[in-house]
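These notes are about the structure you will find just below.
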Amino acid sequence: MRVGVCYYPEHWPESMWEDDARRMKALGIEQVRIAEFAWSRMEPTPGEYDWGWLDRAVDVLGAAGLKVVMCTPTATPPKWLIDRHPDILPVGADGRPRAFGSRRHYDFSSPAYFEASRRICTAVAERYGKHPAVAYWQTDNEFGCHHTVVSYSAAAVARFREWLKARYRTIEALNDAWGTVFWSMEYRGFDEIDAPVGTVTEAHPSHRLDYRRFASDEVARYNRMQVEIIRAHSPGRPVAHNFMQLFTEFDHYKVAADLDVATWDSYPLGALEEQWFAPDIKARWLRSGHPDFASFNHDVYRGMSKLPFWVMEQQPGPVNWAQWNPAPLPGMVRLWSWEAFAHGAGCVSYFRWRQAPFAQEQMHAGLNTPDNRLDVGGSEASQVAADIRTVFAANADANAAIRSKVALVYDYEAKWLFEIHPQGADFHYPRFAFEYYSALRALGLDVDVVPVDASFDGYSLVVVPPLPVVPDDFAAWLARSGAQVVLGPRTGSKTRDLRIPANLPPGALTSVLPLRVWRVESMRPNVTEAVVLEQNDAATGGFARHWRDFIESDASTSLDVRARFADGHPAYVRSGAFHYFASLFDDALTVHLFAQIARAAGLETQALGDSVRISRRGALTYVFNYGDQVHLLDHVADDAFVIGSREVAPQGVAIYRSQ
Ligand code: GAL
């Protein structure tokens, strides 16, 4: 566990660098990320590199005892490069190339950009690959930020055709898989296929889904090129990329497979403002962020990282890019940092060292104000560094791995498919995955977020948010694990080619769930349907939202109807260890059902409510208070506390020995 910072030496006079490095070190910072936007200073004119300033910056940081995370600068191709190769610019759905003048203005499929990137990455990796201060690498910056995964350029379409050829081999196979006979959309050759955009009405959904899969593969290919160059010139130094919060536009599992460290950029207040949350939720968690939002991302990225994941950028104060930008409550920067470590992070790195007084992000806080005084976030970062020393003094194994008994399946294609074919305007996959996650966390459970083809062995409970396409062997893998399995509505509802399964949903899952979804309906946001539990227990029911699957089964099957909609149709059915929800239920009912099923799985649950969260890592238990009341830990002995005490104040953190 260590803290780091993002630093831009090119933004400040060289006379400040030594003092900056000294103060970083004094604060307890151990690693510094640099250079991800510095191409125009590395190569001011084509082919003429200027490494002098960067050499000196790296030397200054290294001399202060700091480890450098060196970045490739490809998120910001310089003006001269764009002028030479305007086809580097990505093309929007409106057919217009995006302009130079901000960042991420490149097309993953542009051959000119692929070559230019190869060249600059090689130059940086050759120059710094073996520098003693350079300990890690970051490829590019936030792939896909500002809606830049999908481009509709001629280069992208040309590569898409090749991608289709490799996938379907013959045009007949493609026509058949997509069902292009519908509306006379049949193709006679791959070269007739364009990007699925600009059509009179909805473009073919299978065409759109394949375009998204293709665009995702392009990101992986581009990243892989950079990783290979870095590995060749900088052996033994881990390579990372900084992913974004709840970002789903490419398959992160595929990109992470080529990296050593999956990292992500955590901006809890900006995220709350920009995501789907209702206005009352946004107001409630205005200055703390939603108690499950950062955690969900930690668990997503922990699962795909070979080495412990990091938070590469941690919000230090107000950001500039959300519609409204509140300031975190005092204590939140520390709480967020500890929450990352509790979920397995190896590093929390703050963005940025000092607020920039110029350009786009001048309203974005740093650890220091623009006049170079320590800001609130700076003091809290130094407190975190001190806390880390305290924790390790008391517990040498604080870096222990997380052992969760609960897995939540999270899938990127599901997001694209539901976006292409929502059938109800607000059927938003990440939201539903997050709501299931949140319900599990409210029960005090630690959760691993895993891909659909994960090994489920060792888990007691597997939760599958709506997952339209399931692998053929999914049911067998789940059954073999012996876990209790919860499947959300619409699971198994489509084939890989985006068709309705021949036996109707849940398709291949009928081997374990003997049912047939013969009709579905989506529900407006202001419409709910009552749900009544069949069992005789304390809660009598709740309500259904967004969606209803209409289920039927043969009378001879073992299907157990556990809850019904008010009109008598099954809302929740069970067959052995498999539980199927025919709708998305209100939060309280979801928590209630998960608690029951978790108990059936042999797990202990707690009723934490919505503002206290608990995580376990090795011998330590971490408690976080997002609420506005003191939280009492009556059951913990005073001498078990490593950080904090039995009274966890609002925005407070407590860490105690539980074993
Ligand atoms: C991130 C990005 C940084 C900076 C930051 C501001 O998305 O990687 O470069 O823009 O947001 O919050």
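Keep in mind that glycine also has a Cβ here, set from the backbone N, Cα and C atoms.
Keep in mind that what you see is a predicted model, and the values were worked out from it rather than measured.
Secondary structure at GLU142 (active site, proton donor), taken from DSSP and collapsed to helix, strand or coil, is coil. The Cβ neighbour count for GLU142 (active site, proton donor), using a 10 Å radius over every protein chain in view, is 20. The feature active site, proton donor is assigned by TrEMBL to GLU142.
Counting only same-chain residues at least 6 apart in sequence, those with a Cβ under 8 Å from the Cβ of GLU313 (active site, nucleophile) are CYS6, ASN242, ASP265, SER266, TYR267, SER349, TYR350, PHE351, ARG352. Feature annotation from TrEMBL assigns active site, nucleophile to GLU313.
According to TrEMBL, the feature substrate binding site maps to ARG103, ASN141, TRP321. Remark: ASN141 (substrate binding site) has GLU36, PHE37, CYS71, ALA75, ARG103, ASN242 as non-local neighbours, by Cβ distance under 8 Å and separation of at least 6 in sequence.
Per TrEMBL, the feature domain 'Glycoside hydrolase family 42 N-terminal' maps to 6-389.
Annotation source TrEMBL lists domain 'Beta-galactosidase trimerisation' at 405-604.
Classification of TRP321 (substrate binding site) by DSSP places it in coil, neither helical nor stranded. Counting other Cβ atoms within 10 Å of each Cβ, the binding-site residues ARG103, TRP321 show the lowest value at TRP321. Distance between Cα atoms for TRP321 (substrate binding site) and GLU142 (active site, proton donor): 15 Å, as a whole number. Close to the recorded substrate site, the chain also has ALA75, SER102, ARG104, GLU142, CYS145, HIS146: residues not among ARG103, ASN141, TRP321 whose Cβ is within 8 Å of the site's Cβ mean position.
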